[in-house]
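Chemist: As annotated in TrEMBL:
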type     : residues                                              : note
BINDING  : GLN17, HIS117, ASN161, TYR294, TRP396, GLU403, TRP404 : substrate binding site
ACT_SITE : GLU162                                                : active site, proton donor
ACT_SITE : GLU350                                                : active site, nucleophile
Amino acid sequence: MKFDKQFIFGTATSSYQIEGAHQEGGRTPSIWDEFCDIPGKVHKSHNGNVACDHYHRYEEDIQIIKSLGVDSYRFSIAWPRIFPEKGVYNPEGMEFYRKLASRLREEGIKPAVTLYHWDLPLWAHKEGGWVNRDSVQWFLDYAKVCFEELDGIVDSWITHNEPWCAGFLGYHQGVHAPGHTNLDEAVKAVHHMLVSHGKAVEMLKKDFQSTTPIGITLNLSPVYPKTNSANDLLAANNSDGYSNRWFLDPVFKGTYPVDMMNLFSKYVHSYDFIKDGDMETIAAKCDFFGINYYSRGLVEFSAANDFMTKGAHSDYEKTAMGWDIAPEEFKDLIRRLRAEYTDLPIFITENGAAYDDVLQDGKVHDQARINYVDKHLQAVSDLNEEGMNIRGYYLWSLMDNFEWSFGYDKRFGIVYVDYETQKRTLKDSALWYTEVVKNRGTVLPLNA
Ligand code: PNW
């Protein structure tokens, strides 16, 4: 694999997953703080109260990022640090991100900043959260102060991370905060997230006259039918509609997919939450497109489910999440995006794998993670040879962290975190990634 000098190598994290300091600097709870307290929702009732204590250890963490030699670091801002109460701006919360972004820049690392990585302030949730259309304005108020205070020291903005997870896992499947199971709510929540995305893009460009690149990150998973039966093909089409097209179509074509609107209408009573001009807003032109890729879907028809189709068993090798390792399908996905949706520069804003890592004698031999990342980077390199214009790759994650409903049970980091002592240890994958970045792709054998 080979990458040119301009290619951006990075690592990624998000606020709730690493920061801790849940009651410091004026922060109030988010929906995740509350969700973690609901019995049975999060593995062993883990929460983000301390997490990786990054809020206090960010200087040390920046030194680790620097030692990796990466070009960029992707992190997210915790909205409840910025607006702890409705309409109340908290400059102390902003100070943390100003210090973080400035220190990164001093070390030559480009900050790529996500505004919404799922930690909705609890005050907003109490007023209906994303289901309430007012959430669009709340988000814009929040985005505005972030742009005012940080545009200029941030290298790129990402409005939303994975509205599929925030919307469908949160309001439809109930496995993420706020834990609701109502499709009618979920499509409204998604719609308001997407409108807030489009309006934030317009604000940065028109009101701020800023040239900082801005985009959105979607998690996409190409879906395949278990067999070529008509039923399985239908199941795959519907699952693709639920996971991918419900987001890609509005963002790039300014429409929701009609087949899915019809399917959803069993649960969605009316679409009149879509106001005049909304679809044009959602399709506001961005500067890049962010993709988080982990795995493919393999589905089979089940009479009980029309679009949340049944995951089929596959004989693919899997990560500790049980997710198929599927780099070829990643290539299919990118080729399809180029053919059907967009020529925008693409950034892989997340890719990585969880494994059951063991720390022994100060080392973690995570060859399986190296293999995973190696295969996917090879795919990126191949895709660029085909002219697919992928401009960067952010490995998820910089360090082990709070993996949402799996708590601290699943480790995605290339840096191992001992949650008792907060000691960080570079895994073999971190040492390997450092070499890849340094050599712009040439893989050296690792004498681990
Ligand atoms: C992403 N799924 O989440 C998030 O952006 C990260 O915060 C997270 O830690 C990472 O991937 C690893 O999971 C996802 O169920 C969560 O398909 C769930 C799914 C996909 C992505």
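Backbone N, Cα and C atoms are what each Cβ position is placed from, and that goes for glycine too.
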Chemist: Where does GLN17 (substrate binding site) sit by DSSP, helix, strand or coil?
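Modeler: Going by the DSSP assignment, GLN17 (substrate binding site) falls within a helical segment, counted as helix.
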Chemist: Near TRP404 (substrate binding site), which residues of its chain come within a Cβ-Cβ distance under 8 Å, counting only those 6 or more away in sequence?
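Modeler: Spatial neighbours, sequence-distant, of TRP404 (substrate binding site): GLN17, VAL42, HIS176.
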Chemist: Based on the record's binding annotation for substrate (GLN17, HIS117, ASN161, TYR294, TRP396, GLU403, TRP404), what whole-number value in Å is the widest Cα to Cα distance?
Modeler: 18
Chemist: On the three-state reduction of DSSP, what should I expect for TYR294 (substrate binding site)?
Modeler: coil
Chemist: Take the C-alpha atoms of GLU350 (active site, nucleophile) and TRP396 (substrate binding site) and report the distance between them in angstrom, rounded.
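Modeler: The separation of the Cα atoms works out to 5 Å.
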Chemist: List the Cα distance (Å, whole number) between GLU403 (substrate binding site) and GLU162 (active site, proton donor).
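Modeler: With distance taken Cα to Cα, GLU162 (active site, proton donor) is 15 Å from GLU403 (substrate binding site).
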Chemist: Pick the one among the recorded positions GLU162, GLU350, GLU403 whose Cβ has the fewest other Cβ atoms within 10 Å in this structure.
Modeler: GLU403
Chemist: So which other residues, same chain and not among GLN17, HIS117, ASN161, TYR294, TRP396, GLU403, TRP404, have a Cβ within 8 Å of the centroid of the Cβ atoms at the substrate site?
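Modeler: Apart from the listed residues, the neighbours are SER14, GLU162, GLU350, SER397, ASN401, PHE412.
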Chemist: Including all protein chains shown, what's the count of other C-beta atoms within 10 A of the C-beta of GLN17 (substrate binding site)?
Modeler: 26
Chemist: Can you tell me how far the Cα of TYR294 (substrate binding site) sits from the Cα of the residue listed as 'active site, proton donor', in Å?
Modeler: 12
Chemist: Check the DSSP secondary structure of GLU162 (active site, proton donor), expressed as helix, strand or coil.
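Modeler: Reduced to three states, the DSSP call for GLU162 (active site, proton donor) is coil.
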